[in-house]
Every structure is written in structure tokens, then in C-alpha cells.
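All remarks here apply to the structure that follows.
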Amino acid sequence: MSWQQGQIGYALAPMVARGVMLGPDQPIILHLLDIQPAAEVLNAVKMELIDAAFPLLQGVIATTDVVEACMGVNIAIMVGGFPRKEGMERKDVMSKNVEIYKAQASALEKHAVENCKVLVVANPANTNALILKEFAPSIPEKNITCLTRLDHNRALAQISERLDVPVGDVKNVIIWGNHSSTQYPDVNHATVTTGSGEKSVRQLVADDQWLNNEFITTVQQRGAAIIKARKLSSALSAASAACDHVHDWVLGTPKGTWVSMGVYSDGSYGIQPGLIYSFPVTCEKGEWSIVKGLKIEEFSRKKMDATAKELMDEKSFAYSCLK
Ligand code: LMR
């Protein structure tokens, strides 16, 4: 297992080492990658991981060498990217990240195990994942995904708060599209488990005005709200969502439940192939499948297309950076 260490990495490492991601019976060897200026801090993280004496943790490799980090990994969690700094355009960040993900694609392709599963967390997550896929053609495209489980969990949590029900009783929200403020959090198929069976979220909330406006913008803007309050982007919730994403991908989704994952579009729901787009998926035996046949009404259609359009624009820009 490998990722680049930072805020999310620091939150993620103990979760993985405790078995949160892969269950209580799966021994773990962590490969931690960071850039050279962070080498000493990275080594301190390794010392802390050793000191925590996690029973499942069988080894920690802390390195600044991407080849060593990728060597033999089964699961790669890509949390590293170039952060936007004051005075920088989104475009400047994208062009830097495109180069980073291109280089890491080659290292993963050459050195990770053949069936390595990849989760891209760093922004722009969908487009970074797409670049990684394009430059690692021998990694099966089904193995390259990006994180929208964070948005999915945020949507579940908003409904849980609104209805004052346990979050574990809410299921089947959907995040469509990009992990950005154009994402579309959709509750049209979401349900709450109650004493008298499963009930529709839309019926229980009984406030379409709230569901079609404030609910959507709260989820879309939650990352920005965290940055504003914390002066840093979300870390513990992102790490927890990364654990949920990989956990369900590897160990399966519960019967009757789907989750949201950014995956390579196969054209489902009219979303053009060639994008990494967030869809509702179920997972079984280590493979995800897009949930088919959900009815999409006009309001949703427009929002799903708008976020697809943003991804197409990001893709064109990413490619223009590579020329
Ligand atoms: C989040 O959703 O919390 C982050 O992706 C926000 C960000 O821009 O880092």
C-alpha cells in the first residue's frame, strides 16, 4: 500500500494500520512516499507508526523514491498533488499535477502488482485519475478510480442531520460527476431505514425547496467551508472516506446498498466514455459495477450534464499541458 504523506496521509496511516480499510484479518505493509524536503518528517511518521504497535502492521517503508514506493504495492492511494498557492490560477496547478500524475503512472505501471487498485484523492481528482489511466495503459482501467465517497458521506450526513436519524440508516444517495463544486448530489433514490421499512428521503424530508437548493450547495461547498474554517483542506474526513472507498471496493457493498465512486465512464447514463465520472456503484469480489436503470428526470439530467461538461473542459486543458 502506498501514498504520499501529508495531512491526509497522517490521518489515513493509523486507520489503515488498525484494519479500518481492509478488515481485522489483513496484515498491512505501508509504503509512504513524500518529496525530499519532507523526508525527515516522513521518518517521524514511520517512528510513530512503529511506536503505536499496531498488531496488523508488518512493515513501514518511508521513502522519497517513487520506484521504491510503488514496488509491489497492491493498493495505491494517491493523496499527493501540487497545492494551489496564493496568486496561482487553477490552470497553473493543473499543469503541475498533470506532470506529477504522468510520472507516477509510469512508476505504478512498472513496479506495482499487476492488478493494483488505485484511488486518486488529490485534486483535481477525476482529471488526475484520468491522466494516470492514460499514462499507465497496462493497468486495467477498472482499477483506476477517484474519491467521491467524501461527498457521498457528506450527503448522507446532511440528510441524517436534517431528519435527526442515525447516519447509518440513510443510504443510496448518489454523487454524479466531478469532485468539485459542479458535482450533483442526488437524493432521488435515497432511503432511510425506519421501524416500518425503507422510506424515501424525498418523502421524509418533504421539502423539495431545501433538497433542490440548500442541500445541494451545502454538499458542493463543504470542502470550501472546511478550508475556510480550518485554513487547511479536510483531512480526517477525506482519510475516512478513502478507507470506506477501498473497503467497499475490496470487500463488497452490503446487499441493496450502493456507494459513489469516480470511475471510467462506459457511456452509462449518457455520460461520454473517456471521462472519470462519479457514478453509483455496487462492489462484489473486488470489482465495481455501475448501478443501471435508475430513472433520471430533467432536473438531474441538466446537473449531470453540467458536471460532465466541466470534466471535458478539464480533460482538454490537461491534454494541452502535455503537448
Ligand atoms: C474537499 O472536498 O474537502 C477538498 O477536495 C477541498 C479542496 O479543494 O481541497
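Even glycines carry a Cβ here, placed using N, Cα and C.
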Given that TrEMBL annotates D34, V121, A122, N123 as binding NAD(+), state which candidate in N74, N97, N153 belongs to that site as well.
N97
Give the residue from the binding-site residues V121, A122 that has the most other Cβ atoms within 10 Å of its Cβ, counting over every protein chain displayed.
V121
For ligand 1, pick out the binding-site residues D34, A122, N123, R154 that have a CB under 6 angstroms away from one of its atoms.
N123
Have a look at the binding-site residues D34, N97, A122, R154 and say which one has the shortest Cα distance to H179 (active site, proton acceptor).
A122
What is the interatomic distance between the Cα atoms of N123 (NAD(+) binding site) and R154 (substrate binding site), given in whole Å?
17
Distance from R154 (substrate binding site) back to A122 (NAD(+) binding site), taken between C-alpha atoms, in Å:
18
List of residues, in chain order, with Cβ under 8 A from that of N97 (NAD(+) binding site) and at least 6 apart:
G81, F82, A122, N123, P124, T127, N128, I131
